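Shown next, in structure tokens, is the structure this report addresses.
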Amino acid sequence: SKCQGSYFNIYVFSQDVFFLKKKRWQTAVLANVGFIIAFGIRCNFGAAKGRMISNFTDPFGNNHTQQFYWSPTELGFMESAFFYGYAITQIPGGMLAAKFAPNLLFGFSILIAAVLNLFLALALKAHPYTDFIVIAIQVCQGLSLGVSYPAMHGVWRHWAPPMERSKLATTTFTGGYLGVMIGLPVSAYLVSYIDWCAPFYFFGVAGIVWFLIWFAVSAPTPEKSKSISDDEKRFIIEQVGQVTSSPATLTTIPWKEILLSLPVWAIVISNFCRSWTFFLLLGNQLTYMKDVLHLEIQSVIHFSFCHWTFIHWSLSNRLMKDLISRESQSTTTRGGLISSLPHGLMSIVVLASGQIADYLRSTGKMSTQTVRKLFNTLGFGGEALFLCCLSFISEPTAAVTTLIFAAGCSGFGIAGFNVNHFDIAPRYAPILMGFSNGISALAGASSFILEHLIAAQGNEKGWRISFLIAAAIDLTAMFTFLIFAKGELQQWAKEKEPQQSMGDIVRRLSYIVRRMSSRRQPESKVKHKRLCEENEAKCDWSTRTTVEKDIQRIKEVKFRNFVI
């Protein structure tokens with residue numbers, strides 16, 4: 001089949017050189033690092049606030065006094081401020097990605113957030129109006145990072161061959177989960193052993209260095225890349241095609257069709273539900289372990305290099321029990337290991353699901369629609385199942401293991417709804433990503449409200465209700481996507497033929513008159529003039545086909561008149 005042949009060509013091309021020598025995979029890996037830094041930045045304030053608002057003794061025995069006196073309400077506003085800015089720039093980010101170079105848009109979104117991170121640490125040292133400073137900078141960071149996901153969809157619109165979309169997209173977006181897994185312990189380690197402002201400086205400088213590398217390596221399209229090989233450029237253009245359509249603007253985007261499209265709303269609902277559960281676990285995971293499981297896990301997490309061996313622990317009940325109950329191990333080390341497991345497993349599942357999804361599509365036995373629905377069902381259905389079990393488990397070992405597998409299952413959904421934008425509307429993929437991500441940002445803000453309600457109860461019943469609500473939300477996403485999602489290009493997303501202007505019509509008529517009058521001239525002159533006029537007409541691509549049809553029609557009329 002055509003699908004199998006296409007994948008065979010992709011497979012052969014993918015095996016002839018090391019994958020990091022290919023420009024599209026360099027872009028994917030660098031974008032992954034960019035998302036790691038972006039999510040690491042979002043972890044800084046959460047890791048530092050514990051030391052900023054309390055007295056503490058550092059690992060070297062030095063006593064430190066409380067520096068800031070924020071109320072819980074003020075802290076809630078500070079932590080949720082990011083999402084308000086994040087939601088605002090989602091749709092504008094998609095439009096900007098369609099009009100300008102999406103790689104630069106993505107790069108500058110990380111750079112601005114990194115510079116603001118440096119400024120936040122410096123501004124907090126000044127002390128006055130600290131709550132206003134934190135809220136303002138968090139909003140600005142949200143505004144900046146709000147364009148990162150739509151911009152990255154804009155990059156893959158030009159760079160991702162159809163049969164590699166899942167792999168490239170999941171490789172890129174895994175950086176978000178790795179960013180949480182790495183950002184929390186690294187930030188807490190820097191806070192514990194250096195100062196509360198150290199993570200702000202670390203990730204700020206890392207973002208600036210990353211931008212310089214990204215600026216040198218990335219390109220908006222394969223045609224504009226200076227370091228891509230000719231073979232890879234030809235391969236991508238053959239698979240993706242040259243994107244020649246005009247950039248989408250506020251007036252040219254088919255908003256009515258988008259808002260009335262059930263496949264679009266299937267993506268939006270899945271994105272919202274995914275964000276709800278993700279931020280619920282991210283913001284409340286340690287609190288749940290402390291209040292319900294009675295594990296002495298501090299909010300300051302000791303950095304550990306054992307992240308890559310987590311799956312062996314999660315699959316072994318005995319080792320997990322040793323990990324939780326070992327008396328000789330410090331509470332901070334246990335907290336770091338345990339809190340890293342869900343996000344670590346999620347990262348590996350996301351990467352694996354992208355590879356498997358593209359393989360299933362390439363065989364031709366499963367359609368794109370079936371593959372997307374399969375992985376979305378595995379992701380949301382599996383997470384809902386484990387969350388239901390978690391709500392009735394109180395034994396620490398079983399609860400932590402269930403929590404790990406709940407987060408791990410959610411990674412399958414990324415190969416479902418999160419790349420479905422490219423399937424149904426590749427031209428509008430950045431806009432659709434911005435639209436769905438903007439609505440899902442409301443889930444992030446809502447999760448902080450739920451966090452305070454849960455913290456107020458502080459008992460097992462409150463957590464059971466929250467996990468059951470999250471499971472119900474996951475099932476809603478699963479069934480909605482299962483019923484309404486599509487895997488083929490939608491009618492409203494297809495390219496429309498350009499409308500002819502009055503100037504086009506005048507040029508077409510004058511061309512016809514010249515062609516017909518040339519029949520009275522000598523043969524050699526007629527031939528020469530005809531060639532010149534044909535070359536001139538071919539320059540006007542929008543009227544070429546219509547002109548030829550009109551000429552043929554006039555010839556037929558003249559011939560019939562001559563016969564009569």
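Here the Cβ of each residue, glycine as well, is placed from N, Cα and C on the backbone.
Sequence-distant neighbours of the transmembrane segment (25-45) (same chain, 6+ residues past either end, Cβ-Cβ under 8 Å): 19, 78-79, 82, 103, 106-107, 109-110, 113-114, 117, 120, 134, 138, 141, 145, 148, 152, 155, 159, 168, 171-180, 182-184, 186-187, 199-200, 203-204, 206-207, 210, 213-214, 217-218. Under the heading transmembrane segment, TrEMBL lists 25-45 (among others).
Positions annotated as domain 'Major facilitator superfamily (MFS) profile' by TrEMBL: 26-489.
According to TrEMBL, the feature transmembrane segment maps to 104-124 (among others).
Among the features that TrEMBL reports, transmembrane segment is placed at 131-152 (among others).
Here TrEMBL flags 172-191 (among others) as transmembrane segment.
Here TrEMBL flags 198-217 (among others) as transmembrane segment. Long-range contacts of the transmembrane segment (198-217) within the same chain: residues 26-27, 30, 33-34, 37-38, 40-41, 43-44, 47-48, 103-104, 106-108, 110-111, 113-115, 117-118, 120-121, 183, 186-187, 190-191, 227, each at least 6 residues beyond the stretch ends and with a Cβ under 8 Å from a Cβ of the stretch.
Marked as transmembrane segment by TrEMBL: 264-283 (among others). Outside the transmembrane segment (264-283) by six or more residues, the chain places 180, 258, 342, 376, 379-380, 383, 387, 403, 406-407, 410, 413, 416-418, 420-421, 424-425, 432, 435-437, 439-444, 446-448, 450-451, 466, 470, 473-474, 476-477, 480-481, 483-485 with a CB less than 8 A from a CB of the stretch.
With a cut-off of 8 Å between Cβ atoms, the residues of this chain six or more beyond the transmembrane segment (374-393) that come close are 270, 273-274, 277, 353, 357, 360, 366, 399, 402-403, 405-407, 409-417, 463-465, 467-468, 470-472, 474-475, 477-478, 481-482, 485. Under the heading transmembrane segment, TrEMBL lists 374-393 (among others).
Under the heading transmembrane segment, TrEMBL lists 399-419 (among others).
Among the features that TrEMBL reports, transmembrane segment is placed at 431-450 (among others).
Per TrEMBL, transmembrane segment is recorded for 462-484 (among others).
Averaged across the domain 'Major facilitator superfamily (MFS) profile' (26-489), pLDDT in this predicted model comes to 81.
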